Amino acid sequence: MSGRGAGGFPLPPLSPGGGAVAAALGAPPPPAGPGMLPSPALRGPGPSGGMGVPGAAAFRPMGPAGPAAQYQRPGMSPGSRMPMAGLQVGPPAGSPFGTAAPLRPGMPPTMMDPFRKRLLVPQAQPPMPAQRRGLKRRKMADKVLPQRIRELVPESQAYMDLLAFERKLDQTIARKRMEIQEAIKKPLTQKRKLRIYISNTFSPSKADGDNAGTAGTPGGTPAADKVASWELRVEGKLLDDPSKQKRKFSSFFKSLVIELDKELYGPDNHLVEWHRMPTTQETDGFQVKRPGDLNVKCTLLLMLDHQPPQYKLDPRLARLLGVHTQTRAAIMQALWLYIKHNQLQDGHEREYINCNRYFRQIFSCGRLRFSEIPMKLAGLLQHPDPIVINHVISVDPNDQKKTACYDIDVEVDDPLKAQMSNFLASTTNQQEIASLDVKIHETIESINQLKTQRDFMLSFSTEPQDFIQEWLRSQRRDLKIITDVIGNPEEERRAAFYHQPWAQEAVGRHIFAKVQQRRQELEQVLGIRLT
C-alpha cells in the first residue's frame, strides 16, 4: 500500500512488519492473530508499552496502554484512520527543528532530530554547573602547592614554610584587629594637666584737666573713658601637649560662672555666666570688664565637660564603694563587685539581691531585683562638683601678682585611639596584599599548568603507543560531552545497528515531521487553513 502525504511527498509502501510506520502515519497496525503479540516496535520493555532504544532513555507510551498499545488521536473513534493529505493533522504550526516542533499527543519533548539518527536531549545548552564555578573559585583561592609538585621540587618547602608563617601572621593580625575594635568602643582617655591663667588689668580714671576739651565738646574725652575699670582674663593650655592641633580652652568645660562681690555690684550684676550650647563657638579664653577702682574678690566655678558624663555618688554609697565621681558604667561595675564580694546575690533566685544593713539604709528595702538597681541608682547620682577658684582682682598698680596659675586634671582622648581608628580604616595595605595574593594565585596556576604539561610529555615519551590510545579515548569522551552526543559510536558505525526495530519507528516519525513541515509551508503560501 502506498500513498501521498501533504504536499505530494511519496510515502513508502508499508511492509507487513511495519506496524510502527503505520501507527506514525495514522493507520492502525495489522491485527494480531490468535496467540500473537503486537509488533516489537509497539511493545516496550515494560507493561507501559514504551519503546526501548539502545543507548538512550525509553520513550513514554504515546497512547493508552493496551494489548496493542495503539496510538489513538483525541476525538477519533477506535479503529478509524488518521486523515492524510489535505486534512488537519497534528498540533498547530511550529518549526520541527527547534524546541517548538509539532509533537504528536503524548510524545515527550525528546524527539528525533530530522538530520541525525540518534535521540537528542533538548537543544538548549545547559549553563555551567554552580559546582564547577565554585570549584574554580576555590582553585584560584588556593595558594598551597600540590604534594606532587613539592615532591618534584624540594626547594618549594621554603615557600610552604612562608605560607604557614603568613597564616599565623594573618591570625594574629585578625585577633589584634578584633581587640582594637573592642577597645575603640570603650572610652580611651588619659589624664593631663590643664594650666589656667587668671590675670587682670586696671585702667585708672583720667583727670578733667588731662584733656583739652570736655565731654560733649570737640576734642574732648568721652565720659566713659574717665571712669576707672578693670578687665579679667581667664585662659589656659595643656602642659606638654604632643598633638599638633591645639584644643580650644572652652572645649574642656561645660559651663563657667564668675561670681563677683555682691556688695560692690549688686544682686543683679554680680554673676557672669557661660554655658555650652549646641551652636557654641569654641574660644581660647574668657574676659570680663567692669568699672571699679577697688580690689574685688571673685569666685570662678568651672564645670568640666566629661565624655562620657560622670556623676557624683551619694556620700553613703561613695564610702561603701570607694568611688566618688565616675561614669555610670564604672559605678555599676563597682556595685556589682561589691555585691559579688559580699555574696548578696540570692542563692536560689539569682535575679534578686539580698540587701545587707548598708544597702537597706541606702535603697530603703530589704530585697530588690538586679534590674531595679539602675532605677534606684538614678536618685543617688548627682552632678559632679565644679572646680572652685577664689581670686582677688587687684587694682593696685604696684602689685606685681596680677597673674595667677592653677593646674587642674582633665581627661583628653588618648592619641592612640586616633591611630587605632586610622589603622582600622586604612585599606592601603589590604589592597597591596590583595594584589600580591592575585599574583600568587596566578603563579600557582601557572605552576600547575606546567606540571600538567610535563606529565603529558613524560607519559608520551615513556609509552607513546599506550599514551596515544588513552589520549584518543579521553578526547572521544570529551567530544561526546561537548557535542551532547548520546549513544555508542562503536555500535553506530556498524550496519546491524540500523536494522533494529526502532529504526522503522524513527523513519515514520521523520516522514510525519516532514509532512507537517510541508503542510505548514503550504498554509503560509496560500494564506488559508486546509481542512
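The backbone N, Cα and C atoms fix where each Cβ goes, glycine too.
Checked against Swiss-Prot, the residues T217, T221 yield a single entry marked phosphothreonine: T217. Model confidence over the domain 'SWIB/MDM2' (306-383) is summarised by a mean pLDDT of 90.
Put simply, K226 (SUMO2 cross-link) is 9 Å from S203 (phosphoserine) when counted between their Cα atoms.
S203 (phosphoserine) carries a strand DSSP state (E or B).
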